[in-house]
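Visitor: If you scroll down you'll find the structure; I have some questions about it.
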Amino acid sequence: MNNATFNYTNVNPISHIRGSIIITICVSFTVILIVFGHIAKIFTNKKNCTNNVIRVRERIKCSGCEPFCNKRDDISSPRARVDIPSFILPGLNLSESTPN
């Protein structure tokens, strides 16, 4: 049962290092592409949100880019208005219609 020993003297260290370098480069390239993809997505959402805010002067729903819609003196920002749910103030009628 002692025949299960391995002999590593014939392993070429240059090919081992070369393989490790190739794997490291591939993993690094993949990580860089993922990071740049996320950065490009953030800037694309910011650009679309800014264009929507400039074009439309009423309240917009800016899905996916809410952090960029919160600008000062921006009436169209979804965060500029506070919607109070009806279950918080059940006795208060906030509708614009007058009761009969």
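Just so you know, glycine gets a Cβ as well, placed from its N, Cα and C.
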Visitor: According to Swiss-Prot, one residue among ASN7, ASN93 carries the annotation N-linked glycosylation site; which one is it?
Guide: ASN7
Visitor: Grab the pLDDT values for the topological domain 'Intravirion' (41-100) and give me their mean, rounded.
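Guide: That stretch averages a pLDDT of 53.
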